[in-house]
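Shown below is the structure under consideration.
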Amino acid sequence: MGNREMEELIPLVNRLQDAFSALGQSCLLELPQIAVVGGQSAGKSSVLENFVGRDFLPRGSGIVTRRPLVLQLVTSKAEYAEFLHCKGKKFTDFDEVRLEIEAETDRVTGMNKGISSIPINLRVYSPHVLNLTLIDLPGITKVPVGDQPPDIEYQIREMIMQFITRENCLILAVTPANTDLANSDALKLAKEVDPQGLRTIGVITKLDLMDEGTDARDVLENKLLPLRRGYVGVVNRSQKDIDGKKDIKAAMLAERKFFLSHPAYRHIADRMGTPHLQKVLNQQLTNHIRDTLPNFRNKLQGQLLSIEHEVEAYKNFKPEDPTRKTKALLQMVQQFAVDFEKRIEGSGDQVDTLELSGGAKINRIFHERFPFEIVKMEFNEKELRREISYAIKNIHGIRTGLFTPDMAFEAIVKKQIVKLKGPSLKSVDLVIQELINTVKKCTKKLANFPRLCEETERIVANHIREREGKTKDQVLLLIDIQVSYINTNHEDFIGFANAQQRSSQVHKKTTVGNQGTNLPPSRQIVIRKGWLTISNIGIMKGGSKGYWFVLTAESLSWYKDDEEKEKKYMLPLDNLKVRDVEKSFMSSKHIFALFNTEQRNVYKDYRFLELACDSQEDVDSWKASLLRAGVYPDKSVAENDENGQAENFSMDPQLERQVETIRNLVDSYMSIINKCIRDLIPKTIMHLMINNVKDFINSELLAQLYSSEDQNTLMEESAEQAQRRDEMLRMYQALKEALGIIGDISTATVSTPAPPPVDDSWIQHSRRSPPPSPTTQRRPTLSAPLARPTSGRGPAPAIPSPGPHSGAPPVPFRPGPLPPFPSSSDSFGAPPQVPSRPTRAPPSVPSRRPPPSPTRPTIIRPLESSLLD
């Protein structure tokens, strides 16, 4: 390859790519595309070939490039080419690449000059290129030939615009030196899509083919028709050179010789030629790379900060240290104990806001689930009265009793107390499950050491199972203690006298636990507050709507909002029951309903009041609160109602009074027992289970771990953890290295600032006014006689320059003395113009040029507007 400037950029980009590859990421460094735009046979393909440094594009007269060629350069160790339409086939001979381009063009467009917008995609892999995209476009033409359509100009224009409108596309506006620059379609198109001129570089070709005695010095010096980034002159190989197999390297030497030997260009030879064009383009690539570095730097610094804390822990990791495993084991067990205690006892720091902790769930078991299970088992009033009746009758036997037998009371009470074993044991099971779940969550931090995690779970779970048996034995013992002696002398027990008084009441409301006879004087104590949705209100009446509900021992009220200022309704709890409602597949809400046992409307004209919650846990919690207020669940009774009604109907008034008396006594005594059990069971579980497990973890877990397995086995890291640690450390180093490389690139490269804007309005003017002739915009060489101006065809050629650095643009030809030059508002920094002197002939060519002097600054003065129109 012949692009030395590109080869200097390759190491920088490769270092950046390598740094990102070490991170396992792709470096999204999208370098600009380079598109060549110009008329037919302007030398576009030759410019592109010279930039790449390879001969691979078709050549000839007329329209040769008839389809866009999208050339992707890919950095690779091997050098070959691939076509998208020939997948899998590698071209190592670039003459074959040229033939394939011609064949593929003819396949789509035909053999008779047809064109197509379907691009040919070619990839060239080489160690001497950057990852760039170059685009060779068809030449701009106006008259169709051969098979070309009538709107050939429009089609080619649209084809070109598809590529050059992209912001990351550098535009090489190619114009031959032997044509009129003011009519350059390439410059006009570039101006449309790049009005600021930041992406456009003018390229003047065929300087060696200009008419004898003319040159393009004023154009190349950016004086005549200025562009923001100026012009670069190049000399491409002729068809004769190509046929003679003249390579690009030899062509560049000939080009260099041309500019150094030509009298009009030798003073700007260092800014002319293909090498300088390569330098300009590669400088734009360098600018682009430097512009992308801040984003890369910010991205890498963010990643570095995110892993820095974790890497700090790994930095002190010394696998060869024999004390490391002992220290790590001790720290792990201590951390596990702290985490377990925080999850059970609660903690103010690092509070989980997404789910309840183990301690919070156990609290719900103690104060919501356990009371709910107790109340659920004793709500069957009809069954209880039947049992009391049977007990009284069986105690009396064949005799007719005159008094209420206290043995019937004891028998019924003992049977009811024994029923408490089920809810009590169930609460133990629920607490055990939560403890095990808490242990599993705490051992997640031990996952880096699989054997340690497994052994910790096993040892703690075994201890919990051991305590399970002792806790359940103690719970059963508490129940048996209550059964063993019925204390009718308890201060809260109503006694027979009060029971008989209460039996005279027709309507009695059953109470729950300690909400029975020992209620406070005010029954307006709030049991629960919260948001609920009344879901069974029809759409015509407003539809489902959320309200703020307040539950007391006497009523259920709801308000518009939680400020409790606007009360919507108050529902008394008398004769109310609660039941579940099947969840609708159309709704995500969980619903329960309240209804009246006497078939009365609960709310307005509704028999049921359906209330919706967001979760089943909320439903269970509200049902437990309603139970505390005396609202029982509805449960279909499977007894034979007819027999029960017959027996009730057959009871004599005395037996009925005795049943009612014992029922009141049982209710009073069971409220005492329930209060006691609800208080003692949580305390028993807390003492024998939860506190014991905490003490075991703090005092004995470490010793059992040491005795269970070898320490080295316990502290053996998982393969995943070792890999993660290595990856973290590697990524940390790679990030630091990448940041260093970015810093090196920023230091080693220099951004070239964009040139100041110029007045390029001549591109628009050229559409409205007649353009100057090609001959008048080319100046004569210093050895040629002064050309005669053509009247009415624009400005005359400029006078010869007295020195290499004092050239002036053309001067208007006017007889007689000239008036002083008016000051122009155009400010594009052109050198001053030299007035003509009619009193004497123009100076001849000096035989010796004065050497360029740095002490002679060039005075810059605006051009006359008349020279541009």
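A Cβ is built for glycine as well, from the same backbone N, Cα and C atoms used for every other residue.
Pasting the feature list from Swiss-Prot:
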- 28-294: domain 'Dynamin-type G' (DOMAIN)
- 38-45: region 'G1 motif' (REGION)
- 235-238: region 'G5 motif' (REGION)
- Lys299: N6-acetyllysine (MOD_RES)
- 515-621: domain 'PH' (DOMAIN)
- Lys604: N6-acetyllysine (MOD_RES)
- 659-750: domain 'GED' (DOMAIN)
- 747-869: region 'Disordered' (REGION)
- 797-822: compositional bias 'Pro residues' (COMPBIAS)
- 832-855: compositional bias 'Pro residues' (COMPBIAS)
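Can you walk me through where each of these features ends up in the structure?
Within its own chain, the region 'G1 motif' (38-45) has Cβ neighbours under 8 Å at 57-59, 61-65, 136-137, 139-141, 172-176, 179, 184-186, 203, 205-206, 234, 236, counting only residues six or more beyond its boundaries.
If one looks beyond the region 'G5 motif' (235-238) by at least 6 residues along the same chain, the residues whose Cβ comes under 8 Å of a Cβ in the stretch are 43, 46-47, 50, 205-208, 246, 248, 251, 254-255, 258-259, 273.
DSSP assigns Lys299 (N6-acetyllysine) to a helix.
Sorting the domain 'PH' (515-621) by DSSP state (H, G, I as helix; E, B as strand; all else coil) yields 10 helix, 49 strand, 48 coil.
Listed in sequence order, there are no same-chain residues at least 6 apart in sequence whose CB falls under 8 Å from the CB of Lys604 (N6-acetyllysine).
Sorting each residue of the domain 'GED' (659-750) by its DSSP state yields 83 helix, 0 strand, 9 coil.
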Would you count the other CB atoms within 10 A of the CB of Lys299 (N6-acetyllysine), including those on all shown protein chains?
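Around Lys299 (N6-acetyllysine), other Cβ atoms within 10 Å: 14.
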Give me the DSSP three-state residue breakdown of the region 'G1 motif' (38-45), ordered helix, strand, coil.
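Within the region 'G1 motif' (38-45) the tally stands at 2 helix, 2 strand, 4 coil.
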